[in-house]
Amino acid sequence: MVFLIKKRLPLLLALVLLSFGTIRASESLKDTAVSIDELQHIATGFEWLENKTYELEALHPPLARIISALPLYIFKNVRLGQGFYTKYCPMNLPKDYKKEYEGRIKGGKAIFCGLNESEHTERVILARISSLLFFTIGGLGIYAWSRSAFNARVACLATFFYSNLPIILASCIIINTDMAGSAFLIWTLYFIPIWLKAPTNRNSLVVGMLIGIVAISKFSSIIFLGLCFAVLGLYLGSQNKKLISGLQLSEWRSRLIIILSAFTVIWSAYHFSTEEVFGLNILPFPEFFRGLGELIARNKIPFLGYIFGKILLFKGVWYFFPVATFFKTPLSFLLMFLGSIWLAMKLRTKQIILILLLILSIYFIGAASNINIGLRHMLPAFMLMCITNAHFVDYCWHRFKNLISKFAIIAAIFSYLLSSAIAHKDYISYFNIMAGNTPEDILIEGDFDIGQDAKKLADYLSSAHIMEKTVFYSYNIVHPDCYGITHYKILFGANRKEFKVEFGTHKYLAIAKVVPKFLPQAALREINQCTNPIYIGETIIIFDKKNCRF
């Protein structure tokens, strides 16, 4: 019994660490306003559950959306109604993006908006629990990989880093596909070498199912998986040809099992739907292929982005994600990662070299992408960094015995925890000290503001009894009316040239910090003459007209 307890103790410790991370993240669930992406995710999840179709939007696969909608569907008996689906999800008609977008927003608002505060909070928490579930799955994948490759100490350290990293915690307080895609990608990358060493029917089935789950979690994870699989095969094959026996022509059965199991998982996620091709109804899961096509098209039409004062209207920049990583990651974590690179070069540790190559592959894909919004797109790389950093700390602690080295390691971990504590409840807008006092001068959009402080603004305006006296200027990612803010104007890429920030007949003006970054000074003439602003959260400023010189 004692032996079993000792054997299970590292796993229990890892679960405690993950529970601690879950508690920290859950404290932000109710205070973070619902974003426009969440409205769309929840609406499409309900369409899948209630209408058994997936017509509102195929750009994102359904798994995370289904899981987010499931608690509300089961425990709160929420329904959108057949009339909604008849209007916005007609079958066998040409695609109408504008109408589908309207449907997603109206569906999401029907689920989350127009409710009393307690009901709204309860629904938001129930829906966002899905991301905490994927957070736990990802953490267990990090633990399993670290323990298999190294030892229990490294596994627990990796789980510790994972459970306290701001970018990880930011991704599990909102409904999104990133956490799910990253979690299952980690498990798949962990299991592929196991299959290469022993391509049994069981291992083939597991790999196939994991690949299928990755495919229905996030489309970009499929791209990551493809390149990472190539890296795994080439690197492991160069080290030991026996490790790639699963790729030999004689192992056709295992490859067939992988293909069939992945195919079945994907098809089941789309209700075994088909589409007519050459007069025959034979094309399986057409929504999957439509979604991939939309992703490719979306990458060719860049988002309205921003970096270092540069508005990205026409093309993304290769250095976006490295810059975002530098400014949005605790410095001690980055220093430990640099140390892990040095250690890999010194010791030639195969597992660390392999993980570093996988991280490089993910950043390579990011550099080639035009979708420069949100460091969350690099989430799998950060999860892998937790393993390399844990190995570096474990090695240094046991290799260097002098007090200075021990103190340096303790200081690095303390600094990491301090950075994580500073980020608490504002994980999305977290920047390290290198960003200074105005991080919005470096990056905005998904890295700084997704409208997360709109609820805090509404609470402040209500408590100060100035709701009707305030106009709110927001970016295109939040719907303020969900929180009772009736006077607002939203900046879109299309209306940027005509957009002006003015008090009008209102006594107060609230503005998201990101809005001025996209506008010329002439459009900001009034607020440029105002002083003594009030700050709401990390992303919103309120100006009082009596403190303005005009």
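We number each residue from 1, going along the chain as drawn.
Any Cβ shown, glycine's included, is placed from N, Cα and C.
The following features are taken from TrEMBL:
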- 127-235: domain 'Glycosyltransferase RgtA/B/C/D-like' (DOMAIN)
- 1-25: signal peptide (SIGNAL)
- 125-146: transmembrane segment (TRANSMEM)
- 167-192: transmembrane segment (TRANSMEM)
- 204-235: transmembrane segment (TRANSMEM)
- 256-272: transmembrane segment (TRANSMEM)
- 327-345: transmembrane segment (TRANSMEM)
- 352-371: transmembrane segment (TRANSMEM)
- 404-423: transmembrane segment (TRANSMEM)
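Across 204-235, 327-345, 352-371, stretch 204-235 shows the highest tally of CB pairs under 8 A with the transmembrane segment (167-192). Annotation: stretch 327-345 has the most Cβ pairs under 8 Å to the transmembrane segment (404-423), among 125-146, 204-235, 327-345, 352-371.
When each of 125-146, 327-345, 352-371 is scored by its Cβ pairs under 8 Å to the transmembrane segment (204-235), the top-ranked stretch turns out to be 352-371. Same-chain residues lying 6+ beyond the ends of the transmembrane segment (327-345) with a Cβ under 8 Å from its Cβ atoms: 161, 165-167, 352-353, 356, 375, 382, 385, 388-389, 391-393, 395-396, 412-413, 415-416, 419-420, 430-435, 439, 442-443, 447.
In the predicted model, the domain 'Glycosyltransferase RgtA/B/C/D-like' (127-235) shows an average pLDDT of 95.
Residues of the domain 'Glycosyltransferase RgtA/B/C/D-like' (127-235) grouped by DSSP class, helix first, strand second and coil last, total 93 helix, 0 strand, 16 coil.
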